[in-house]
Structure formats: structure tokens, C-alpha cells
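Notes to accompany the following structure.
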């Protein structure tokens, strides 16, 4: 009789233990067998140190038997935000430095571009002062360059011709005025209109 009594309390305890062991197994199917694999990998990573198993173990550790929905959320967050966070931690804070370096490079490139365009505009303004222009001229940069090339050609032709003598060359102001007038007349005759149309 004592054996029966002693065996009867043990058997319910064994049943309760077996039930308690079976209950997590029944509750784990929503998370699947992956949770068990991740737990095994987490044990391996805990014994072996850091590695890819450690990241999987961290996700597996979040899968509690009573909260399968939290496990799915943990997987989503690990897949989306965890990847970016892992990249930042693996680079050791290198990504903010690279972003700052990119920003400084962009700022320096913008400064250089502004300086280049400013110096280019100043050079074109000086060139427009030298080239005789008509009051109706609103020249673009390419038209200014074409007009400068025409003016150089015109000056070369004037120097080669015998129309201007040394008296005109003695006074630069008069020579410049006459050259400007002659160049304007030369432009009005159609020599510039053909090149400006292109």
C-alpha cells in the first residue's frame, strides 16, 4: 500500500513535468523550429564568442513561448532596422564620419564652382569692355567669344591693310574709336550676322 501511495504522488508530478515540457512545445509551433535552431546557435555563440550565430541568438532569445507575435516583430525589426544598426556598429562610427566628409566635400566643391563661375563672369565682362559692341547687343558667352574672334580677325586685317597710317596709331584713343566704328560698320554689313545665326 505504501508503494502505491508513494508511486501515486510521483506519477502526477511526472505528469505535470511532462505537461510543462510539452506546453512550450505546443506553444512554439507559431515560431516554428527556427526558434530551437536559433537557441542552439545562441548557445554555440555564447560558448564560441561573437559571430553570425550571436545575432541569430539575439533574435531567438526574443522568441518567448508566450509571445509569438513579439517574436515576429523582433524578426521584422532585426531585418529592417537591425541591419542598419549592425552596419553602424560594425564600422565603429565610421558612417557618420564618412557622411561628414561627403558634406564637406560637397561644400568645398560648391565653393570652387562659385569661384570658377565668378572669375569666368569677370573675364567675360572685361572682354565685353574691350570688344566694340552695339547698343542692341545682348550677347551670350558663346556669342561674346565668337565676336572676340571676329574682332581679332578684323584687327589683323586692319594691320595688314594700308588704310591706317602711323598718325592714327599715334593716338590710341582715336585709333580705338575709329576701329570701333569700323568694326561696327563691318558687323552691320553682315559679317557678324552670319556667325551669330549659328
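Every residue gets a Cβ built from N, Cα and C, even glycine.
Swiss-Prot lists 1-18 with the feature compositional bias 'Low complexity'.
What Swiss-Prot lists as compositional bias 'Basic residues' is 34-43.
Feature annotation from Swiss-Prot assigns compositional bias 'Gly residues' to 46-64 (among others).
Per Swiss-Prot, the feature compositional bias 'Gly residues' maps to 79-95 (among others).
The average pLDDT for the domain 'bHLH' (104-155) in the predicted structure is 89. Look at Swiss-Prot and you will find 104-155 tagged as domain 'bHLH', backed by sequence analysis.
Per Swiss-Prot, the feature region 'Disordered' maps to 1-101.
The region 'Sufficient for transactivation activity' annotation in Swiss-Prot covers 157-187.
According to DSSP, the domain 'bHLH' (104-155) comprises 42 helix, 0 strand, 10 coil.
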